[in-house]
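Asks: Got a structure here, written out as structure tokens. Questions coming.
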Amino acid sequence: MKEIWITLATVIIAPLVGGVITGIDRKITARMQNRFGPPILQPFYDLFKLFSKETIVVSNTQILYAFLFLVFNIVAVVMFVLKMDLLLILFILAFATTALILGAMATNSPYSRIGAHRELISVLAYEPVLIAMIVAIYFVTGSFNIEDILKHNSFLILDLPFIFIAFSYVLTIKLRKSPFDLSTSHHGHQELVKGITTEFAGPVLGLIELGHWYELVLLLLFVWLFFAKNIFVAIAAILICYFIEIVIDNISARLTWKIMLRLTWSVAFGFALVNLIWVYIKYRLL
Amino acid sequence: MVNIYLLLIFLPMIAALFIYLINNSNFRKAIVFLMSAVLISASIYSISQGDRLLRLSHSLNFALEYLITFADYFLLAIIFLIGTKLKNKLISLLAILQFVFMFVFEFKVGKLEVENIFFVDHLSFIMLLLINIIGPLIAIFALSYMEEHEKHLHLEKSRQNIFFAIIMLFLGAMNGLVISNNILWVYFFWEITTLCSFLLISHDQNEESIKNATRALLLNSIGGLSFVIGIIFMYYKSGTVALNEIISSQDSSILMIPIAFLVLAAFTKSAQMPFQSWLLGAMVAPTPVSALLHSSTMVKAGVYLVLRLSPVFIDTWLSKIVAVAGSFTFVSAALLAIFQSNAKRVLAYSTISNLGLIIALSSIANVYAIYAAALLIVLHGVSKALLFLCVGSIEQGIGSRNIEDMDGIKYKMPIVAFLTLLGSVSMLLPPFGVLITKWIAIEVSTQNIVAMLEIILGSAFTVVFWTKFIGKILSDGKDKNKIEKFEFVKHIPLMAISILVVFVSIFLIQFTNTFVVPFFKSSFARYSGVSSSNIKELYVKDFFGFNPLVFFGVLVAAVVLGTLIYRWFKPKRYVPVYMSCENSDNFGFRGEKDRVVPFEFKNYYFETLTNEKTVTLIVNILSIALIAIMFGVILK
């Protein structure tokens with residue numbers, strides 16, 4: 001019974017948090033660009049407007065994929081809050097992305113298809129790092145279950161600093177922020193138009209937008225995991241981490257997918273690997 | 001009781017003889033249907049009899065022993081002759097070496113008594129189900145496929161009698177392979193599958209198919225030789241050639257050398273790196289052959305052997321290296337699949353990759369790893385059979401097996417496209433079982449960090465190539481004319497297999513408890529207190545909290561909910577894709593003077609980054625090094 005309440009609460013609260021954070025993001029970004037910026041609740045107004053619009057599609061199946069993207073993201077967040085298996089959550093998250101990619105590929109639009117493939121390349125870049133992160137957490141805490149991971153008696157970050165750096169690195173890709181906003185960007189006038197979401201409009205785009213908010217919350221919950229010992233430290237860490245992401249977004253230009261792939265596989269995965277090996281030796285061999 | 005097992009082996013072989021002799025299409029159809037019914041019911045009946053060690057009556061045993069020994073030499077002689085005919089000295093040499101080793105061995109040790117001639121346990125059941133359900137379904141599909149195939153080839157005289165005869169022989173040999181207790185018999189059936197695969201790959205008798213068949217024969221002969229050496233060592237180390245005694249043998253360390261040779265043989269048969277090239281070459285054969293080789297026969301013989309022997313070598317240094325080698329194949333084949341635009345090659349690499357995972361799982365010392373290995377054999381078998389048959393149908397429909405030509409296939413061939421989608425989704429997404437085995441693989445491989453890293457990377461690659469494939473099947477195409485007509489003989493087997501694909505995943509827990517757990521309990525009795533634990537304790541309720549039934553339930557609920565929501569979102573208006581409003585339709589834009597310029601978009605194959613050849617070279621070198629390490633470890 002308790003689980004059902006938690007689930008309901010998560011489903012309602014998570015998008016609110018995600019939306020507000022997105023609003024703050026837009027405000028800060030605007031200030032950095034010497035603009036006044038929209039009100040913090042603007043993302044909600046946008047979403048309501050999207051849902052009030054008439055449904056326009058290129059292909060019927062797009063609706064299904066947008067829906068699946070949303071559902072998988074919700075499931076992932078709920079599973080996290082219910083403290084289930086971390087690896088499974090990651091898989092579910094990957095399927096949300098897969099649904100989005102398939103949705104973009106369902107039409108014959110070159111823009112959205114290129115976006116889809118770039119998203120696929122992003123998956124190739126960040127997925128190993130994320131799995132490595134989870135395995136490293138396993139080595140330290142001896143469990144894949146969030147329930148048990150939270151029982152760990154110190155800050156995870158102390159054992160996994162490099163993993164955290166690698167994670168922050170791929171967070172930029174996952175949040176589709178510059179310099180890795182390859183598959184879609186927050187501005188519609190770039191060479192890809194809106195990339196992966198080009199062909200989505202109205203309520204269907206609204207579903208995806210909503211899905212992104214859940215995704216954002218989930219990613220920030222991953223940050224929280226590293227500082228879970230103390231809730232205040234965790235909130236501070238999340239805020240700092242997200243602020244840094246915004247700064248990076250605003251000071252960097254987009255890189256090509258090749259550079260992204262090379263950097264993630266060498267630098268980020270390298271960092272993750274080093275940390276992974278040391279916790280393996282520390283907790284398994286010693 | 002024994003008769004049912006003899007029937008499973010020899011009836012298909014006798015049927016093969018009749019099919020070969022009577023080259024008549026209706027007769028052939030009748031026999032194929034009849035044999036399908038017999039094989040399916042016989043295998044189910046034999047399973048209902050439970051685990052068994054069976055002995056034959058003395059005279060029958062004696063006769064069979066001589067028959068098989070004689071047939072074995074005869075088989076090697078045939079392979080030798082094929083080698084000379086192909087002017088491939090290496091094949092002949094390997095055949096001679098096998099012949100000589102075998103002969104000297106049998107001459108020196110005299111008659112090898114194996115009391116219990118059949119050793120049937122739950123692993124055999126799993127294999128029997130796979131062989132005798134999927135195999136006949138593929139054969140039925142082939143009835144329609146080969147008609148079409150020969151029409152394309154414009155043959156004067158049908159060669160279908162040879163084709164179906166070999167398939168029947170193949171199924172009989174596979175049955176023999178999985179229920180024989182005498183490892184010499186296993187070797188004999190193993191060699192039959194080698195010969196059958198050669199004949200099937202070279203079926204079209206053109207230059208390319210003969211070349212590829214030769215390669216398959218060569219690589220599998222290496223495996224054959226390795227098998228013979230393994231048997232000889234096995235006998236001298238343990239004094240027995242009976243599988244059941246070897247498995248329950250208490251001292252595993254002395255058996256490392258024979259096991260290593262047998263594992264190498266399994267590597268060749270299961271097309272592990274660096275032996276993968278023969279399976280890719282096998283793609284030139286008619287599609288039912290690929291489906292058969294990839295799903296229920298041939299390559300599964302290799303992983304079956306590793307899983308069968310795993311109680312002996314699990315938790316040793318050898319097993320650690322084998323796990324690394326297996327997961328190396330998993331990651332490198334998945335990487336190679338990303339570069340492929342040929343649908344069959346994508347499927348082939350995916351098979352190799354999954355077999356690598358099965359081998360890795362078979363050698364990781366964990367209960368769940370063994371469960372996952374056994375499950376993956378089945379899950380992969382059904383899904384791959386479906387996928388190959390679908391791709392074959394698509395090829396006959398649109399005249400191409402290139403993924404890039406599959407735009408709009410969902411309009412052209414809706415049934416097959418949907419089934420292809422089902423097959424590929426079952427290899428990638430939840431709630432299908434393949435995903436669960438990958439998940440288990442990561443969770444249990446944490447004790448072997450190298451294997452674990454390989455599995456992590458491989459799992460990311462897998463997502464990429466499957467998503468590309470699925471995306472293409474679902475994509476829009478210009479040509480929307482339906483070309484598919486419902487054909488009973490062709491579509492019914494496809495649908496039957498797809499129902500199996502869904503069923504196995506839905507009832508994964510029940511399947512595990514019925515088949516996999518008893519196998520684990522009986523075979524791994526020696527292993528960390530399994531024998532003392534109650535079989536109930538070994539049952540799974542879910543996989544780390546993931547219950548497929550619940551998940552399928554959620555999925556059904558989601559579909560219902562989705563349909564309701566769809567009513568709300570029901571599109572009011574359809575628009576063309578966005579091309580700055582300069583497009584006439586979805587497939588072109590207005591250029592200068594309003595001339596329509598068509599556009600198209602192809603999948604990324606990362607050609608600018610690297611290519612298949614370079615990666616293959618590197619991978620082959622590394623995998624040879626791994627095999628060298630594997631043999632280095634066992635030498636003291």
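The backbone N, Cα and C atoms fix where each Cβ goes, and this holds for glycine too.
TrEMBL: automatically predicted annotations, no manual curation.
Pasting the relevant annotations from TrEMBL:
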type	residues	note
TRANSMEM	B:6-23	transmembrane segment
TRANSMEM	B:60-83	transmembrane segment
TRANSMEM	B:90-110	transmembrane segment
DOMAIN	B:108-152	domain 'NADH-Ubiquinone oxidoreductase (complex I) chain 5 N-terminal'
TRANSMEM	B:122-142	transmembrane segment
TRANSMEM	B:162-179	transmembrane segment
DOMAIN	B:180-457	domain 'NADH:quinone oxidoreductase/Mrp antiporter transmembrane'
TRANSMEM	B:185-204	transmembrane segment
TRANSMEM	B:279-297	transmembrane segment
TRANSMEM	B:317-339	transmembrane segment
TRANSMEM	B:370-394	transmembrane segment
TRANSMEM	B:415-437	transmembrane segment
TRANSMEM	B:449-471	transmembrane segment
TRANSMEM	B:492-511	transmembrane segment
Asks: Taking B:60-83, B:90-110, B:162-179, B:185-204, B:415-437 as candidates, which has the most Cβ pairs under 8 Å with the transmembrane segment (B:370-394)?
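Replies: Result: B:415-437.
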Asks: What same-chain residues lie close to the transmembrane segment (B:279-297): Cβ under 8 Å, and 6 or more beyond its ends?
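Replies: Tertiary neighbours of the transmembrane segment (B:279-297) are 130-131, 134-135, 138-139, 141-142, 145-146, 149, 163, 167, 170-171, 174, 193, 197, 200-204, 208-209, 211-213, 215-216, 271, 342, 344-345, 347-349, 351-352, 380-382, 384-385, 388-389, 391-393, 395.
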Asks: List, by number or range, the same-chain residues at least 6 past the transmembrane segment (B:122-142) whose CB is under 8 A from its CB atoms?
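Replies: Same-chain residues near the transmembrane segment (B:122-142) but 6 or more away: 8, 32-33, 35-36, 39-40, 42-44, 46-47, 51, 163-164, 167-168, 170-171, 174-175, 178-179, 286, 288, 291-292, 295-297, 300, 304, 307-308, 374, 377-378, 381-382, 385, 389, 489-490, 492-494, 496-497, 500, 515-516, 518-519, 522-523.
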Asks: Please give the sequence-distant neighbours of the transmembrane segment (B:492-511): residues at least 6 beyond its ends with Cβ less than 8 Å from one of its Cβ atoms.
Replies: 133-134, 137-138, 140-141, 375, 378-379, 382-383, 385-386, 389-390, 393, 415-416, 419, 422-423, 426, 431-433, 436, 540-543, 547-549, 552
Asks: Can you find at least 3 Cβ pairs under 8 Å between the transmembrane segment (B:60-83) and the transmembrane segment (B:90-110), where each pair is 6 or more residues apart in sequence?
Replies: yes
Asks: With pairs 6 or more apart in sequence, are the transmembrane segment (B:6-23) and the transmembrane segment (B:162-179) linked by at least 3 Cβ pairs under 8 Å?
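Replies: In this chain the transmembrane segment (B:6-23) contacts the transmembrane segment (B:162-179) - 3 or more Cβ pairs sit under 8 Å.
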Asks: Where else in the chain does the transmembrane segment (B:90-110) make close Cβ contacts, counting only residues six or more beyond its ends and a cut-off under 8 Å?
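Replies: Answer is 69, 72-73, 76-77, 79-80, 82-84, 214, 217-218, 221-222, 224-225, 228-229, 231-232, 235.
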Asks: Taking only the residues in the domain 'NADH-Ubiquinone oxidoreductase (complex I) chain 5 N-terminal' (B:108-152), give me the average pLDDT of this model.
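Replies: Result for the domain 'NADH-Ubiquinone oxidoreductase (complex I) chain 5 N-terminal' (B:108-152): average pLDDT 87.
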Asks: According to DSSP, how is the domain 'NADH-Ubiquinone oxidoreductase (complex I) chain 5 N-terminal' (B:108-152) divided among helix, strand and coil residues?
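Replies: The domain 'NADH-Ubiquinone oxidoreductase (complex I) chain 5 N-terminal' (B:108-152) comes out at 33 helix, 3 strand, 9 coil.
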